[in-house]
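Annotated features in Swiss-Prot:
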type	residues	note
BINDING	14-17, Q33, W41, 74-75, Y92, 137-138, 188-190, T208, W260	substrate binding site
ACT_SITE	D17	active site
Amino acid sequence: MFKPNYHFFPITGWMNDPNGLIFWKGKYHMFYQYNPRKPEWGNICWGHAVSDDLVHWRHLPVALYPDDETHGVFSGSAVEKDGKMFLVYTYYRDPTHNKGEKETQCVAMSENGLDFVKYDGNPVISKPPEEGTHAFRDPKVNRSNGEWRMVLGSGKDEKIGRVLLYTSDDLFHWKYEGVIFEDETTKEIECPDLVRIGEKDILIYSITSTNSVLFSMGELKEGKLNVEKRGLLDHGTDFYAAQTFFGTDRVVVIGWLQSWLRTGLYPTKREGWNGVMSLPRELYVENNELKVKPVDELLALRKRKVFETAKSGTFLLDVKENSYEIVCEFSGEIELRMGNESEEVVITKSRDELIVDTTRSGVSGGEVRKSTVEDEATNRIRAFLDSCSVEFFFNDSIAFSFRIHPENVYNILSVKSNQVKLEVFELENIWL
């Protein structure tokens, strides 16, 4: 009932963070935190999938397993070196059953992108750099100025989130360079990612205090990120652990449509699975602002146009599933409702604010989220509905992502605006 038609999800078991996103030898590889045994967190492995186009995904065998029942292969990244694929990841040992450091950084290698061999010299980073560090995980590695650069999520004394920087010439021997960023609003930072877009260094990171993905944009200079602007990478409730692809000529990011906040309410567990990835998005900088938009490849999902109108009103859609895209262009203000007789999601745009209300979206409930927006002569909202999620993009600039669980088809669409053009496209089921 709730299995997505065009989002990536595990056929069975639990999935969380995307890991090791890489474009390698003409294909997009996505690894992810995975428990193949049951739809709950635990026994964490690295699941693996591959795509030719970022849209149609194929499941592959598990890439990395833990060595012991009390261990886990936690989040990390992938890079290419000498034609081979290298995975850099956090290895976890449950401290209640194991001695020594609970989180260390390790490496695995593959020549074919399918079979991975763990490095005999693991761990390549055996302990945190200083006392008081209570989190030490999620290495994201990129190439910069002729060397490998790793950022790690961390925390200090259960009070402040930190991002640590390491450098290496060979992926096996790492030098600690220091703390490049701190966030006092959270006790730890997870899944950091440092990318450069144009002339800007952009740190993307997740914080446990609000289960959100944030960005800080500025310049990395003399071992510190000098922040010029910061904000949310996504303004919804359910976007987390975002990571960018290695090896692409643009910055493409995927996040986990997270299940932490309302895990017990999610009915997908009854279907034997839990976890959905976001649609792939492109990040870019325009007018000194970090912006986000759906990747162009998603246009290939459109099967047929099921509805269009150039006026306000309430309309019945010819759809059999919650699997469609709405494209709405308008001037000024708008109220857009998508739902059925008992469930709905409401998007409201006033002069300078966009509000999304998912409180009546389905059995798992929801929240109201809002963001300040810049009004344009013609505004555009793209909404992607897919069984158990909805993602909104406004003016190819900001995004809102939510997990929802409607019990019936959203076949009623209501729009109120002075000037509007609205189209609805049925989208392909990539799993058939």
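Quick reminder: no glycine exception, Cβ is built from N, Cα and C everywhere.
Around T208 (substrate binding site), the C-beta neighbours below 8 angstroms that are at least 6 residues distant in the chain are T186, K187, E188, E190.
DSSP gives Q33 (substrate binding site) a strand state. Closest to D17 (active site) by Cα-Cα distance, out of the binding-site residues Q33, F74, Y92, I189, is Q33.
Just so you know, of the binding-site residues W14, Y92, the Cβ with the fewest other Cβ atoms around it within 10 Å is the one at Y92. Cβ neighbours within 10 Å of D138 (substrate binding site), excluding its own Cβ and spanning all shown chains: 29. Minimal Cβ crowding within 10 Å, among the recorded positions D17, Q33, is found at Q33. Annotation: I189 carries the greatest number of neighbouring Cβ atoms among the binding-site residues N16, F74, I189 [cut-off 10 Å, Cβ to Cβ].
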